[in-house]
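Engineer: Pasting a structure here, questions to come.
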């Protein structure tokens, strides 16, 4: 099929959706991930980090990298898709978007494999010294993905095009593909198929974990609680993948074909609308990832529970004090004025 060069689609609802949605994700994500780092720094000396905690800290750092660029995207979409900031910030935002997406996928994958080993080979896993392996795997993930993302620093990321009224030109950020570009199509095919390969591995590992946990005989109540938390962790990881990453990668390849001009106009508009929604879903991983930590580490969960309990008790005390003060005032109203004089 020959590429169609004559039409440019736009999904105008995104200029309302993204500023609102990204603002919510930014606030919740910064609070949640900053709290995670603070708890880890307070509860765990760095030398005592095991493999799973190393992966969790790295996943949090990847989320924060993306979160710091969200204000840039909020400004961009608030200005109707016109990049008014310096050009290098567009490159930086695109780079951090790529890093967050695929570092999150990679670290969730190694976290899943770690839990898979712990369930299927508990004795060997308990005896293994995994700290060095955790550091090495994290380093490999960062070097590989940051190296791939460096392409976005040298890419010509912006392009000028007329606004919707045709009265002036606006600057787009990462919204232009050369029509019929085979290298661009090849890159996207590689990314999409690599993602689904990793997703199938994660799905297999989690299904094995679920089957193993459900077929185990629970002897004591404590083991039942551990089993319940493990099942919740598996469900949470799968939920993050299915909600955040799968929709985006299902749409990505058809959307790329449409952007390159290999699809008709009606399909292009429909897939572009869907693509905007999947970008929103993709950003929610920064908020959902911290939930996984509650099921992975006992200290983290205990600390969070204590803080929530403390806040609830503080509100009760505050309310009780307020009610007591009101009662005292009401009682004083019934006391004769003369009796209050010395």
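Every residue, even glycine, has its Cβ placed from backbone N, Cα and C.
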Engineer: Compare the membrane side that Swiss-Prot records for residue 54 with the one it records for residue 118, and say whether they match.
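Structural biologist: The record shows them together on one side of the membrane, with a shared topological domain name.
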Engineer: Swiss-Prot lists transmembrane segment for one of the ranges 257-276, 277-296, 297-316; which is that range?
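Structural biologist: Feature transmembrane segment in Swiss-Prot: residues 277-296.
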Engineer: In Swiss-Prot, which of 134-155, 156-177 is tagged transmembrane segment?
Structural biologist: 134-155
Engineer: Ranking 55-74, 134-155, 185-205 by Cβ pairs under 8 Å to the transmembrane segment (277-296), which is first?
Structural biologist: 55-74
Engineer: Just jot down the residues in the same chain as residue 173 (disulfide bond), at least 6 apart in sequence, with C-beta under 8 A of its C-beta; none if empty.
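Structural biologist: Residue 173 (disulfide bond) has long-range Cβ partners 76, 83, 90, 93, 94, 157, 158.
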Engineer: Against the transmembrane segment (234-254), which of these stretches has the most C-beta pairs under 8 Å: 17-38, 55-74, 134-155, 185-205?
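Structural biologist: Top-ranked stretch among 17-38, 55-74, 134-155, 185-205: 185-205.
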Engineer: With H, G and I counted as helix, E and B as strand and the rest as coil, say where DSSP puts residue 163 (N-linked glycosylation site).
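Structural biologist: In three-state terms, residue 163 (N-linked glycosylation site) counts as coil.
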Engineer: I want to verify one value. Collapsing DSSP to three states, which class is residue 90 (disulfide bond)?
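Structural biologist: The residue in question, residue 90 (disulfide bond), is helix (DSSP, three-state).
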Engineer: If you measure residue 163 (N-linked glycosylation site) to residue 169 (N-linked glycosylation site) at Cα, how many Å is it?
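Structural biologist: Given the Cα positions, residue 163 (N-linked glycosylation site) is 6 Å from residue 169 (N-linked glycosylation site).
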Engineer: Which residues of the chain, 6 or more past the ends of the topological domain 'Extracellular' (75-91), have a CB below 8 A from one of its CBs?
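Structural biologist: Sequence-remote neighbours of the topological domain 'Extracellular' (75-91) are 10, 14-15, 17-19, 22, 152-153, 155, 157-158, 163-164, 170-175.
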